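Visitor: Straight from TrEMBL, here's the annotation block:
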TRANSMEM  85-103  transmembrane segment
TRANSMEM  109-127  transmembrane segment
TRANSMEM  198-217  transmembrane segment
TRANSMEM  223-244  transmembrane segment
TRANSMEM  347-366  transmembrane segment
TRANSMEM  386-410  transmembrane segment
TRANSMEM  422-443  transmembrane segment
TRANSMEM  463-486  transmembrane segment
TRANSMEM  498-523  transmembrane segment
TRANSMEM  543-562  transmembrane segment
Amino acid sequence: MEQEMEKRNGGEKREEDEEKWVYDSSLDHKGRVPLRPSTGVWKASLFIITIEFSERLCYFGIATNLITYLAKVMHQDLKTAAKNVNYWSGVTTVMPLVGGFLADAYTGRFSMILLSSIIYLMGLGLLTMSEFIPSLKPCNTEVCLRPRKVHEVAFFLAMYFISLGTGGHKPCLESFGADQFDDDHAEERKQKMSYFNWWNFALCCGLLLGVTLIVYVQDSVNWGAADLILTATMTITIIIFYCGKPFYRYRVPKGSPLTPMLHVLVAAITKRNLPYPSSPALLYEVPKSQKSQGRLLCHTNNLRFLDKAAITEGNENLSAKKKQSPWRLATVTKVEEMKLVLNMIPIWLTSLTFGVCVAQASTFFIKQSSAMNRKIGSNFEIPPATVYSLAAIGMIISVTFYEKILVPILRSATGNERGIKILQRIGIGMVFSVLSMAIAALVERERLRIAEEETVSMSVFWLAPQFMILGIGDGFTLVGLQEYFYDQVPDSMRSLGIAFYLSVIGVGNFLSSFLITIVDHVTDKGGTSWFGKDLSNSRLDKFYWLLATMNGLNLCIYVLLARRYTYKNVQKSVVVTDCYVGDGTELMP
């Protein structure tokens with residue numbers, strides 16, 4: 001009898017568990033469509049990683065050889081070509097701020113990815129047509145001293161279509177992939193940490209093919225054939241991405257994520273003269289039982305002025321029936337979300353000099369390789385942009401070593417899920433960027449000496465150390481920044497979070513262009529500019545030393561900020577009063 005009752009109860013429990021996963025239009029406690037056992041996790045994220053591989057293949061296939069195209073086909077000088085590359089890269093990596101906001105607030109990530117992929121494909125199509133349609137080609141002859149104006153218009157229009165597509169593609173794709181893992185599920189949370197590493201592994205594989213196969217086709221066959229390959233590849237992967245639709249988990253957009261922060265600011269200013277309560281427990285918070293969407297955050301002691309937005313006044317009726325005005329009273333969770341965003345500003349600012357270093361790899365590093373001996377054997381010559389593959393190899397080695405060797409060792413030693421904190425990982429990569437710039441300066445000085453004294457040019461493989469070390473630094477800092485800006489933003493802003501990460505690279509490109517202009521102006525006044533019409537008349541070694549010094553000083557400031565940083569404090573789902581630090585360093589069971 002007892003066994004029958006147990007069996008019946010067990011059956012009812014299983015039915016309840018199964019009911020919990022049924023797909024319907026209602027929302028779960030995080031504002032998502034309820035999860036099903038057949039959705040999400042690695043099976044869904046693989047569809048998403050596939051289109052990321054394709055997008056990175058296209059992006060790096062175009063971006064790394066862009067300075068060569070501008071110099072050879074557009075006949076631009078070194079300074080103008082470097083600035084144009086930096087402007088395009090800057091726009092491409094700042095546009096995700098717009099796409100991320102629209103996705104979080106209105107469209108949702110899946111719809112934004114599809115729309116932006118189509119725009120991206122339109123850019124690739126126009127780029128291909130500008131090389132094949134006679135009226136849009138640079139000129140009708142094999143060699144031309146100046147391309148037609150119509151080709152310049154078509155070319156730059158296509159390039160900025162790609163920028164626009166990237167604006168919706170990049171912030172949503174990575175965060176959509178991370179959404180396939182549940183933060184409240186211990187095993188899935190651990191898998192999400194691996195997801196960011198394998199995401200970047202796929203990214204580097206796309207990069208590697210882009211700067212080898214695609215660049216080889218550009219240099220050895222023609223630019224149009226390479227563009228055609230990229231257009232076909234993107235078309236195929238968009239179809240594959242759409243086929244994964246039944247397996248995805250979706251987050252429903254909740255309106256502008258900036259409005260709740262404005263509520264907190266107004267409420268805090270309105271109550272600025274009120275005294276702080278004797279205990280943070282007296283601050284206003286919606287009970288967990290009444291919370292329908294999102295996770296509750298625990299109170300932290302930094303930026304205490306904002307806590308005043310959650311102070312209850314005597315005339316405020318806190319009954320469940322009467323809804324409070326968000327302009328007068330905010331919850332502790334909304335206040336903490338505002339603190340999270342404000343805490344990110346110093347970290348974002350101190351990451352910009354790393355973005356400036358990354359910008360050199362696709363501009364001056366590539367230009368250096370074009371002036372060096374690239375021959376392997378007697379017949380084969382490496383295309384200049386292919387040397388960029390060394391950075392991808394460095395990043396692949398770094399990510400694989402970190403995921404497979406370093407993290408398991410650190411988990412065993414510290415008992416923490418992540419091994420080291422996110423900001424520690426970012427800081428380690430910044431050390432590598434300083435080292436890379438110093439080595440680049442030494443190599444460039446030696447290249448200039450050999451060019452002056454000897455007839456034989458220096459081997460391109462002398463650039464390997466600076467590319468490899470910068471790639472290893474990317475494996476720590478870039479992946480760390482992705483995790484940081486996804487994990488530490490409010491849950492409703494995760495597409496914007498990835499956009500913040502991308503803006504580090506974008507603003508870094510703009511700063512690089514600005515720095516080139518300033519240094520050129522100052523050094524030209526002093527007699528000889530560091531940026532001549534070609535590398536032989538330039539002093540890039542001094543520019544690299546300047547970057548190494550700037551990054552070293554910036555690293556000292558970053559370390560001070562990282563040591564004082566307060567991570568997201570999330571309430572556990574079982575016990576309301578218990579919290580864990582949301583940097584991924586919670587103790588393993």
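Every residue, even glycine, has its Cβ placed from backbone N, Cα and C.
Keep in mind that TrEMBL annotations are predicted by a computer and have not been checked by a curator.
So where do these features actually land, and what's packed around them?
Guide: Within the chain, the transmembrane segment (198-217) has long-range Cβ neighbours (under 8 A, six or more residues past its boundaries) at 49, 52-61, 64-65, 174, 177, 225-226, 229-230, 383, 385-389, 391-393, 395-396, 399-400, 403, 475, 478-479, 482.
For the transmembrane segment (347-366), the residues of the chain that approach it from at least six positions outside its boundaries are 63-68, 82, 85-86, 89, 384-385, 387-388, 391, 423, 426, 429-430, 433, 436-437, 440, 463, 466-467, 470, 473-474, 477-478, 481, 484, 500, 503-509, 511-512, 515, 540, 543-544, 547, 550-551, 554, 557-558, 561-562, 565, judged by C-beta separation under 8 angstroms.
Residues 60, 64, 193-194, 197-198, 200-201, 204-205, 207-208, 211-212, 215-216, 361-362, 365-366, 369, 374, 416, 418-420, 425, 460, 463-464, 467-476, 478-479 of the same chain lie 6 or more positions beyond the ends of the transmembrane segment (386-410) yet place their CB under 8 Å from a CB of it.
With a threshold of 8 Å between CB atoms, the same-chain residues lying at least 6 positions outside the transmembrane segment (498-523) that come near it are 79, 82-83, 86-87, 89-97, 99-101, 170-172, 174-175, 344, 348, 351-360, 363, 481-482, 484-486, 489, 529-531, 539, 543, 546.
With a threshold of 8 Å between CB atoms, the same-chain residues lying at least 6 positions outside the transmembrane segment (543-562) that come near it are 346-347, 350-351, 353-354, 356-357, 360, 364, 423-424, 426-427, 430-431, 433-434, 437-438, 440-441, 444, 516, 519, 530-531.
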